[in-house]
Each structure stands twice: as C-alpha cells, then as structure tokens.
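Participant: Please see the structure below; I have some questions.
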Amino acid sequence: MGKGDPKKPRGKMSSYAFFVQTCREEHKKKHPDASVNFSEFSKKCSERWKTMSSKEKGKFEDMAKADKLRYEKEMKNYVPPKGETKKKFKDPNAPKRPPSAFFLFCSEFRPKIKGEHPGLSIGDVAKKLGEMWNNTAADDKQPYEKKAAKLKEKYEKDIAAYRAKGKVDAGKKVVAKAEKSKKKKEEEEDEDEDEEDEEDEEEEEEEEEDDDDDE
C-alpha cells in the first residue's frame with residue numbers, strides 16, 4: 001500500500017525479491033525461534049541466486065510478471081486523492097533540509113546492498129537498510145548522528161538567513177511599489193495642472209476676442 005494513500009496499489013516486486021521472500025519463509029519454518037543475522041542471510045540469498053539455473057529462476061520470474069500485471073491493472077483503476085498531483089512551489093535557492101542519521105547511513109550502505117543483490121526492488125533495499133540500522137549498535141550509530149546534528153545546525157543558520165533575506169526583499173518590493181504609486185500620482189497631478197493651464201489660456205483668448213468685437 002502507498003505511504004500517503006492507503007488505497008494506492010502495492011508496488012510491483014522483482015523476481016529476486018520473490019526469491020528472498022521465499023527464502024525468508026523457508027528459514028522461519030525451519031528455525032521459528034532463531035534470530036536472523038540480516039547481513040549473513042542476505043549474502044547467502046545472493047550467492048544462492050547467482051548459482052541458480054534459468055529454469056530455477058523461471059518460477060520467480062513468472063511470479064514477478066504476474067505481480068507486474070496485477071500492479072498495472074490496479075494502477076489503471078486507481079484514482080489519486082485530490083491535491084496529490086499538485087506540487088508546492090519550491091524555491092531552488094532555499095537551503096535544503098539536512099539528512100537524518102539514518103539517511104546518511106543509507107547513503108553509505110545502499111550501493112553495497114545493490115551490488116550484493118542486483119535484482120532487489122527499491123522497496124526491499126529500503127527494508128534491508130531499515131533492518132540493518134535497527135541491528136546497528138548505539139556506538140556505531142554515533143558518527144552518523146553527530147554528522148546529522150552538525151548538518152542540522154548549519155541548516156538552521158542558513159534557513160534563518162534565507163528567511164531574513166526574504167523579508168528584506170519583500171520590504172524592498174513594498175517600498176518600490178509605494179514609490180511607483182507615488183510617482184504615478186504625481187504625474188497624474190501634473191497632467192491635471194497642465195489641462196487647467198490650457199483651459200485658463202483658452203478662456204483668456206476668448207475674452208480678448210470678445211473685447212476686440214466690442215471695439
């Protein structure tokens with residue numbers, strides 16, 4: 001199911017993801033009470049997958065094809081909630097949010113997992129990373145947490161400066177708008193004065209003509 005919308009169809013799985021799922025289920029049946037060493041288990045699955053013949057992999061490839069059809073069919077009937085397609089405007093110059101300790105950990109280990117499990121789907125890679133993080137000792141997490149804290153501190157300073165600059169720019173726009181409005185008003189007043197002067201001149205000329213006629 002989708003993270004934001006519970007009605008969103010579940011993402012399609014790869015043939016390798018189905019294979020790993022089967023291995024996990026087999027392991028649980030054989031060792032229901034045993035805790036799984038995720039790293040070792042993943043390595044064994046990867047090695048086993050590499051040695052399998054095309055015929056053995058065929059079963060999982062068929063499962064992946066069927067799941068792909070299921071996903072495509074569900075997506076055709078899926079209507080996203082209103083407003084989901086609309087994206088908020090993001091200023092490209094705004095400071096980017098800092099990554100979390102877990103995100104930094106993922107950035108480091110994601111290429112390794114992809115290398116060990118080339119057929120793994122994005123969702124399963126994320127799941128593996130989550131399990132690895134949960135099994136990581138607090139001391140081993142510290143370097144990532146320290147780096148994340150430093151990046152957060154820098155971000156807070158940058159965003160404060162960015163917002164302050166935004167207020168200054170907004171203030172400049174207001175002043176510029178006011179000056180423009182004032183200038184326009186002055187120009188209109190000057191035009192009115194010119195029209196009044198022209199009217200006065202016309203009246204004077206008419207009076208002079210009347211005087212000439214009287215003579």
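Placed from the backbone N, Cα and C atoms, the Cβ positions cover glycine too.
Swiss-Prot lists 9-79, 95-163 with the feature DNA-binding region. The compositional bias 'Basic and acidic residues' annotation in Swiss-Prot covers 83-94, 166-179. The compositional bias 'Acidic residues' annotation in Swiss-Prot covers 187-215. The disulfide bond annotation in Swiss-Prot covers Cys23-Cys45 and rests on similarity to another entry. Look at Swiss-Prot and you will find Cys23, Cys45, Cys106 tagged as cysteine sulfonic acid (-SO3H), backed by similarity to another entry. The region 'NLS 1' annotation in Swiss-Prot covers 27-43. The region 'Disordered' annotation in Swiss-Prot covers 75-95, 166-215. Under the heading region 'NLS 2', Swiss-Prot lists 178-184. Positions annotated as region 'Involved in intramolecular interaction with K-3' by Swiss-Prot: 196-210. According to Swiss-Prot, the region 'Involved in interaction with histone H3' annotation covers 211-215. The annotation motif 'Nuclear localization signal (NLS) 1' is assigned in Swiss-Prot to 27-43 on the grounds of similarity to another entry. Taken from Swiss-Prot, the feature motif 'Nuclear localization signal (NLS) 2' covers 178-184.
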Participant: Let me know the model's mean pLDDT on the region 'NLS 2' (178-184).
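Facilitator: Result for the region 'NLS 2' (178-184): average pLDDT 68.
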Participant: In this structure, which of the recorded positions Cys23, Cys45, Cys106 has the fewest other Cβ atoms within 10 Å of its Cβ?
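Facilitator: So among Cys23, Cys45, Cys106, the recorded positions given, the one with the fewest Cβ atoms within 10 Å is Cys23.
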Participant: Could you tell me the C-alpha distance between Cys23 (disulfide bond) and Cys106 (cysteine sulfonic acid (-SO3H)) in angstrom, no decimals?
Facilitator: 24
Participant: Please report how many Å separate the Cα atom of Cys45 (disulfide bond) from that of Cys106 (cysteine sulfonic acid (-SO3H)), as a whole number.
Facilitator: 21
